[in-house]
Amino acid sequence: MLSNHFENGMDMARLAWSRLPHSEDGELDGVGLLSTSSNRNGVESLDYEVIENYAYREEQAQRGKFFVGYNVAVKWFFALLIGIGTGLAAVFINISVENFAGWKFALTFNIIQKSYLAGFLMYILINLALVFSSVYIITHFAPAAAGSGIPEIKGYLNGIDIPGILLFRTLIGKIFGSIGSVGGGLALGKEGPLVHTGACIASLLGQGGSTKYHLSSRWLQGFKSDRDRRDLVTCGCAAGVAAAFRAPVGGVLFALEEVTSWWRSQLMWRVFFTSAVVAVVVRVAMGWCKSGNCGHFGAGGFIIWDISDGQEDYSFEELLPMAVIGIIGGLLGALFNQLTIYVTRWRRNYLHKKGNRVKIYEACLISVLTSVISFGLPLLRNCSPCPDSDPGSEIECPRAPGADGNYVNFYCGKDKEYNDLATIFFNTQDDAIRNLFSAKTIHEFSAKSLLTFLVMFYTLAVVTFGTAVPAGQFVPGIMIGSTYGRLVGIFTVNHYKKLNIDEGTYALLGAASFLGGSMRMTVSLCVIMVEITNNLKLLPLIMLVLLISKAVGDVFNEGLYDEQARLRGIPLLESRPKYVMRKMTAREACGNQKVLSLPRVVKVADAVSILRSNKHNGFPVVDHTRDGEPLVIGLMLRSHLLVLLQSKIDFQHSPLPSHSRSGSGAIRHNFSEFAKPVSSKGISIDDIYLSSEDLEMYIDLAPFLNPSPYVVPEDMSLTKVYNLFRQLGLRHIFVVPRASRVIGVITRKDLLIEEESEDSATMELQSTSVRGQRHKTRLLEENGADAERPLLNGLLVQNQRYLKGSFVIVFRDNGRNYSWYFVNFFNVVLVLSIYPIWYLYFCFSHFGTSSKTCFDMWTCNEVTLGDVDHTILNWQVTY
């Protein structure tokens, strides 16, 4: 209902909640409801909150410590499977891309030895065929696989369920579409799609595979809740980055900094383990491929540019040009984001509305344009003579046709000449970056060639981004940044006239600055750049340019993924609320309309009518007290109500509440039955058939609702509500009037519940707190009428912990409680052997001549509240 409230003209609310998904809200008897669910553009929220209904509590009560250990072990096993699966997918993508590119360039170089025109046509046709295969897969098989996928995954981890992004066909489309688009030479990369690929693999493993394509296993169907899937998808995202860059630590930090909205230490360990597994899988695959088993994929392929032999030191004078690189990166990155927004908006409003055929034409046209530029521009560039070779250098000038490396001989009249523009243009992007990062290759590229490449490739990257193919922006960003970084390095060398300045170092800093100015990442990007270059000495410089470029870029717009998420209609909750929210309250955000609620016992016909008349995903459930006053007893989710309507086993003829709420009735549902499948939209009201007799029956919602939803007072600031919503990953929040009374206050010490000590070597005396004594006395008075209740279950010991092996005697004498503690059995024997007469006096003075009671106390049998004035409350032996 928020979508209706925001249309009432509340400008401040519209500005403050422009990023939030519109959902059902309102007010009923002083109760409002905040939510992030929305049906606009098919986007809904995820249920990250634990629904603690009676089905959930029964299921938790039946689980012991063995299940907890088993559950933890299965999570670690799934982390292992995610790492292996993502690593193998990355190996397959890279092997395929390298082989397609290798065959393409080898064939083209062989043909241009005879005719450049024939080689040009062959080059265009091969690229066109690869790009056509990619765009055809996306448009006809997996539309959700277009783009990088990072904005969608970021939205998923933020609590937004976007249909189709984690399906099996999306995974297949992402893998094979990336091979076609990257192998076809488009100005995009495969790193973003690898993040999406890892997320898909994680989600599919969590649900046991794909049931639609009969590739499922019931043994793997262990995690059906959105909370568990969120953890798995986080592991998949980190695995994708680790596989793309061979940067396991960078993958963990990328997941933490860029895509996740919720984090905890246990998840950190599993994510790190998954990234480590990916690194091992990739390393083993590369070792196997070095023997020549992978065709053109050999020592290269995975993005790692070793510049450890580059510039070893830098002077204070170089900080100024390095700061200039950071400023340029921030400006060009912000401009790139803004241009992609304009192009994407135009493409969505005017071009892609015309159908899939236009999308195919567009991608093919861009492929031809890219091929013409990358092949034709080097033809217009004059070749340069090869520099004098260093006897100890492994760099060959010119390189052999079709081989990777520097100094490409392309359309040159002499054998000892190379074309510097072809070295970076007529090449794979990985090899081009390796050439730009190369150390000890001063004056290999002219300023004119670098400037030409920068302008043309920057334009191609802007135009290509947003086409209907899998597209990542990491590698194009690195290429753009390394180009102007090397350009600045050339001017720095010419100005300072120092021989120890390396142009490759400036290229690396330029790459980091553009990624920081465009994507606005800092920590993770810094670690990734260090890992892929194997040069820890440049860490302070990378940090410097990242901080400058991010600061400059933030002046103009937001990061690339945030802007693209906004264009796609993904309502992300940012890390910080808007400033205007400080002046708003929760009641103002709810509006003035009534909340659509359900009674505790609802008629089936009424429930069906409510579900058909709106798209709300949560309904407050209202009961009435004995005085007739309305009482909100919980929250009923739409998906759970649909499960009840479909099963029909909870239908009843009576409109009176059942006894399920008190626990006397058995719950006939497993908690897993209420989980929505990740590969579908779940149950729809239109899919449920109900007869006329069914419509006249009733359902008691008490056992199935969430009895403890999050509640905020109506005058709470919207900033607090926002932080609570985002940090806990909520879907609904009740807004209620101020409470009339307080039943208790929870402080930090109330939450510090420790496990019982297992170390008998550190035993010590413990005493009962006054607060604990009062609580236990109250419990005793409340339950004193139940004379059959066993006391060894612990009225006192329920909240008071004693050391292992200790003995406790608690007795009451004339209404006053006394506690006797013995650290171990040795103390008991010592006391009772030294004071046998006293012990007999103690026993018979409190229980008269009843030797049965004394024997019970001595043998630790159950002692009941039989006596009024002299009562043994508890006798505990903690083994």
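Using the three backbone atoms N, Cα and C, a Cβ is placed for every residue, glycine included.
Record features, source TrEMBL:
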type	residues	note
DOMAIN	584-651	domain 'CBS'
DOMAIN	705-762	domain 'CBS'
TRANSMEM	72-95	transmembrane segment
TRANSMEM	115-138	transmembrane segment
TRANSMEM	232-255	transmembrane segment
TRANSMEM	267-286	transmembrane segment
TRANSMEM	319-340	transmembrane segment
TRANSMEM	450-468	transmembrane segment
TRANSMEM	506-532	transmembrane segment
TRANSMEM	821-842	transmembrane segment
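Contact between the transmembrane segment (267-286) and the transmembrane segment (319-340) is not supported: fewer than 3 Cβ pairs lie under 8 Å, counting only residues 6 or more apart in sequence.
Residues 135, 138-139, 143, 146-147, 186-188, 332, 336, 339-340, 343-344, 347, 352, 356, 359-360, 362-363, 366, 369-370, 373, 377, 381, 421, 424-425, 476-477, 479-480, 483-484, 486-487, 490 of the same chain lie 6 or more positions beyond the ends of the transmembrane segment (450-468) yet place their CB under 8 Å from a CB of it.
Distant neighbours of the transmembrane segment (319-340): 458, 461-462, 465-466, 477, 480-481, 484-485, 488-489, 491-492, 506, 509-510, 512-519, 541, 544-553, 555-560, 563-564; these residues of the same chain sit at least 6 beyond its ends, with a Cβ under 8 Å from one of its Cβ atoms. Beyond the ends of the transmembrane segment (232-255), by six or more residues, the same chain brings 78-79, 82-83, 86-87, 89-90, 153, 156-157, 166, 190-191, 194-203, 205-206, 223, 267-268, 270-272, 274-279, 281-283, 302-304, 474, 521, 523-525, 527-528, 531-532 to within a C-beta distance below 8 angstroms of the stretch. Under DSSP, the residues of the domain 'CBS' (584-651) split into helix, strand and coil as follows: 25 helix, 23 strand, 20 coil. For the domain 'CBS' (705-762), the model's pLDDT averages out at 81.
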